[in-house]
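Enquirer: Attaching a single structure in structure tokens format; questions to follow.
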Amino acid sequence: MFRCPSTTLPTSRISLGSPRRSPLASPVFGPQIAPVAFGFAAIARRIAVVASLAFAVATPAFAQQTSEAAPMVVAASDAAADAALPGGASAVPAMRMGAGSQASAANDLDARQKALDARTAENNYRYAVAQHNCYSKFFVNHCLNSARDDMRVVAADIRKEQLALDDEKRVEHARQRDEQAAIKRAQNEADAPARAAQDTRNAQAYDEKQRQHQLNQAQREAEAPQRAANEKAFQQKQQQHAIDQAQRGISPSQAAANQKAYDAKQADFQRKLDEAHQQAAQKAQERAGKQQRFEQKQSEATQHKADVAARQKQAAEKARQKQEEQTKQQQQLDQQQKQQPQQ
């Protein structure tokens with residue numbers, strides 16, 4: 001197997017120029033292989049210098065990152081130890097009732113995640129350094145296998161802690177979701193009286209509009225005979241006026257002129273009467289449209305109210321079921337905690 005040339009100066013007491021100990025200086029390999037060998041040696045020295053510089057630069061940054069993450073890891077470990085105390089001796093569940101406890105729990109999880117990431121980066125870096133150092137030893141494969149085994153042991157430990165941290169994150173997320181749902185339910189229950197009062201006001205306004213509409217309709221029906229009598233009296237007056245003109249002996253030309261003026265006046269009256277009827281019909285159509293839209297809105301409001309009541313009932317049922325499930329889970333946890341000291 002190819003072996004990486006040494007990156008250090010030779011320790012042999014025989015000089016490099018001695019042809020008796022150096023195979024590269026033999027008569028057979030000297031002219032052809034010596035330049036290649038020296039080239040490989042120069043490349044190896046450059047690689048060693050670059051690796052040493054990278055190690056010198058990366059080590060302070062890594063140490064600083066690890067030192068910053070260490071207090072967070074200690075705090076997270078203390079919190080986990082307090083949570084594991086029997087009998088609920090820890091004060092963490094009580095503190096989680098406020099917003100400050102939620103932020104603290106999230107910060108602890110983030111700190112532990114950063115610490116695991118830092119350990120992973122350190123493990124990978126140490127494995128890379130070990131790989132680099134193995135190529136300067138005689139048993140390269142054995143050294144590489146040992147470095148790989150050490151790296152895998154540390155990675156397995158990190159993986160185990162990562163899985164436990166993921167489980168805690170899921171539990172924390174579920175708890176926050178349940179708290180938000182409880183807050184929303186409480187807000188809906190608090191707003192229920194206001195919504196009921198608004199529905200009552202809407203119903204009263206609807207009843208008032210219906211009553212006013214019925215009054216207006218009754219008033220128009222009561223005025224209908226009077227309007228018909230007024231129109232009939234006007235026609236009789238016009239007829240009487242024509243008879244009076246005939247009795248006074250008006251000339252035919254004058255009668256024709258009077259008739260023409262009368263016809264024009266009647267036409268104008270008829271036009272105004274038609275316009276009045278048209279406006280009345282248009283207003284009646286508008287009132288019918290408004291009444292239809294109003295009834296549709298009331299129907300939609302009734303349907304919406306029924307839907308809201310159904311959703312509230314369904315939400316209450318789900319909340320009750322969820323509360324029962326949580327109670328069962330809490331009972332199971334209490335039983336498990338009681339059984340653990342016995343074991």
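Easy rule for this one: first residue shown is 1, then count along the chain.
A Cβ is built for glycine as well, from the same backbone N, Cα and C atoms used for every other residue.
Note that TrEMBL annotation is computational and uncurated.
Pulled from TrEMBL, these are the listed features:
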type	residues	note
COMPBIAS	1-15	compositional bias 'Polar residues'
REGION	1-21	region 'Disordered'
COMPBIAS	167-188	compositional bias 'Basic and acidic residues'
REGION	167-343	region 'Disordered'
COMPBIAS	225-247	compositional bias 'Low complexity'
COMPBIAS	248-257	compositional bias 'Polar residues'
COMPBIAS	262-277	compositional bias 'Basic and acidic residues'
COMPBIAS	284-327	compositional bias 'Basic and acidic residues'
COMPBIAS	328-343	compositional bias 'Low complexity'
Enquirer: Considering only the recorded stretches 167-188, 225-247, 262-277, state which has the highest number of Cβ pairs under 8 Å to the compositional bias 'Basic and acidic residues' (284-327).
Expert: 167-188
Enquirer: Any residues 6+ beyond the ends of the compositional bias 'Basic and acidic residues' (167-188) with a Cβ under 8 Å from its own?
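Expert: Result: 96, 102, 105-106, 109, 312, 315, 319, 322.
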Enquirer: Could you pull out which residues elsewhere in the chain have a CB under 8 Å from any CB of the compositional bias 'Low complexity' (225-247), counting only those six or more residues past its ends?
Expert: 255, 258, 262, 266
Enquirer: With Cβ-Cβ distances below 8 Å as the criterion, list the same-chain residues six or more beyond the ends of the compositional bias 'Basic and acidic residues' (262-277) that contact it, or say none.
Expert: 238, 241-242
